[in-house]
Amino acid sequence: MTARLIDGRQVAQQVHEEVRQAVERHTAQGRRAPGLAVVLVGENPASQVYVRNKRRTCEALGIESRSHDLPADTPQSVLLDLIDALNADPAVDGILVQLPLPAHFDTETVIERIDPAKDVDGFHPYNVGRLAVRLPTLRPCTPYGVMRLLDSTGEVYKGRNAVVVGASNIVGRPMALELMLAGATVTVCHRFTTDTAEHVARADIVVVAVGRPDLVPGEWIKPGATVIDVGMNRLEDGRLVGDVSFAAAAERAAWITPVPGGVGPMTVAMLMKNTIQSYESRLGR
């Protein structure tokens, strides 16, 4: 069996078009464009690339991107004051603080300072809690994007066994919630799990989000499974690879995401989707 690729770039373009059309519909009626404030603290090269991509996507879709670049030694109080100002700004519909922050910041304190209605990353505990009880919310972007990728396959995942490898607040835990709410039977493997291979071997859906190259060998994959590789790791030779041994896994899976070009584009696309959702909620329509 050779897996079919789930093309994240193609699905992301579909989401972009939905957002672009929504923005055009509103601005054609004389309304302001949606506004996204992007806050970058420090000069982490990877973060700079991610932020540049987000700002470029905003521009392409008609969303006004507001840049706030702060030096790495910025006191936490200054960042919190900036967030307060953005919370109060009626022209700002979404606030994104690029992670990771420098070591002297308390990340949870920063995230919780963002108005949940403007938390377009979907990281605020209020929004994750609403997701858990099936209430409308701004959903965490990467898991939200994964669900859109799964939908694109046309497969039915209700009642299937799903395994999430990784239990981070940003991906693993909300990913498990998304899959459970979609009707899958979900197992989460984390650093204390001793039999990850056995769990993966039984899974119809495998989502891996740890950040370790070749963490999941291809031979672990159940024939016919769907494999979503969230990991993005740069090797010494400059290549980007995921957490799954791609070539071997693709010989067994029915569907698989590539790295790059799989989940990555979807994270940015769903950020834009959340921004237009926040904007429309704030318009009251």
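Note that Cβ sites are derived from N, Cα and C of the backbone, with glycine treated the same way.
As annotated by Swiss-Prot, NADP(+) binding site applies to G166, A167, S168.
Features recorded in Swiss-Prot, as mapped to the structure shown.
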| residue | record | contacts (Cβ under 8 Å, 6+ apart) |
| --- | --- | --- |
| G166 | NADP(+) binding site | G172, C189, H190, V208, A209, V210, G211, V230, D243 |
| A167 | NADP(+) binding site | R173, A176, V188, C189, H190, R191 |
| S168 | NADP(+) binding site | A209 |
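Each residue in V164, V165, N169, I170, V171, G172, R173, V188, H190, A209, V210 lies on the same chain as G166, A167, S168 and has a C-beta within 8 Å of the C-beta centroid of that NADP(+) site, without being one of the site residues.
When secondary structure is read from DSSP and collapsed to three states, G166 (NADP(+) binding site) falls in the coil class.
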